[in-house]
Amino acid sequence: MSLHYQTGFGNACATEALPGALPAGRNSPQICPYGLYAEQLSGTAFTAPRAENRRSWLYRIRPGVQHLPFAPFAGAQRWLSDFGRQPVTPNQLRWSPLPMPDAPTDFIDGMHTWGGNGGPEEQSGVGIHLYAANRSMQGRFFYNADGEMLIVPQQGRLRLATELGLIDIEPYEIAVVPRGVRLRVELLDDVARGYVLENFGTAMRLPELGPIGSNCLANARDFQIPVAWYEDVEGDFELIAKFTGGFWRAPITHSPLNVVAWHGTHAPYKYDLRNFNTVGSISYDHPDPSIFTVLTSPSDTPGTANMDFAIFPPRILAMENTFRPPWFHRNIASEFMGLIHGVYDAKAEGFAPGGASLHNCMSGHGPDADTFEKASHADTSQAHYIRDTMAFMFETRRVIRPTAQALASPQRQDDYYQCWQGLQKHFDPEQA
């Protein structure tokens, strides 16, 4: 089944699965075409500036309110939103990939929270999760009232069956599901593994380009939004809600994926990271990693993001007389990294696809000893092609608080610090 999409980041879209299902000239007619119900889904305040306002009108077979009462849900045991107030270690942390589950596990029950900050009630901060699943969601649907979800597959393809249409993603692609959108996650392969950033703050947008100009980085035209699709199915289902960090379950006698037409700006979307237009130095020095930003969630402080999503894709390094890998760094922001494919150019060993690392505020990090030695003696008169890689970073203004399950995980590499212990002292006061 080949899916079709609309294009353009943040566009006001209009789509219908049946001809004439979208009302003409108004949002809420007295009687909707085909006997549908009109329902508005608001992702921002009514009075948010027009350029930032996100809402969609949905025309559905049954309204979203039609389900039985919610009760606490006992699943999703490893998906957390309470990051506690206990002291956080300043040590650099790294993990090997999650193993695939043995028991039948879907996207919801296969989520493992590795860290986060802030929270849904203050509508600021993030949750950072890894998932490993071996079956599709069956007989259940899910929505997240706490934040939008940025899904980064590392292994296995996913189909996101959402209220607003179908999205297929594979490794090298990402998808964003806005706050409140109901969906079912289906596996298109036997197993699936990847990363999820849960953004409690302002919805993600494209970063400003400044002197770069009107093009480059992630171009708006390359983002894809689903077309209307619906299923008219009745049965005994459950609707799972994530609300203020807790999980709730409501019985529902029909599929909530019953939107026949919709228009607006609050919609899921996908993006192929291979379309990222990378920029960099063509003279000397390695620019700041902000040039690799794909999406950003602004905070109330200008120039300081609630979170940034950046990637380190295949690229050409042409800087002369320059240490080309990412330099040693201590940062006021906190950095969580993952690897989708290949090798990260600052770490020769130990950082595997599906793995993760955390370098919190002011914790030193940088290339390992082997990478430093090789890059220090490389011939920089020749361009260097980095082909076999796709790494990414979730960067936040707040300290990322690792969860107890992340710290106790058998995937944690307790010897991570050793990768820097081989760095030699080269200082010689007699020779500049």
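Yeah, the Cβs are placed from backbone N, Cα and C, and that goes for glycine too.
Annotation source Swiss-Prot lists active site, proton acceptor at H286, citing sequence analysis. Under the heading Fe cation binding site, Swiss-Prot lists H329, E335, H365. According to Swiss-Prot, the feature homogentisate binding site maps to Y344, H365.
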Entries of H286, H329, H365 which, being recorded positions, have CA atoms within 10 angstroms of Y344 (homogentisate binding site): none
List of residues, in chain order, with Cβ under 8 A from that of H286 (active site, proton acceptor) and at least 6 apart: G280, M319, T322, F323, R324, P325, P326, W327
H329, E335, H365 excluded, remaining Cβ within 8 Å of their centroid (Fe cation): P326, R330, N331, H359, S363, G364, G366
Nonlocal residues around E335 (Fe cation binding site), in sequence order (Cβ under 8 Å, 6 or more apart): L358, H359, N360, H365, M393, F394, E395
Secondary structure at H286 (active site, proton acceptor), reduced by DSSP to three states: coil
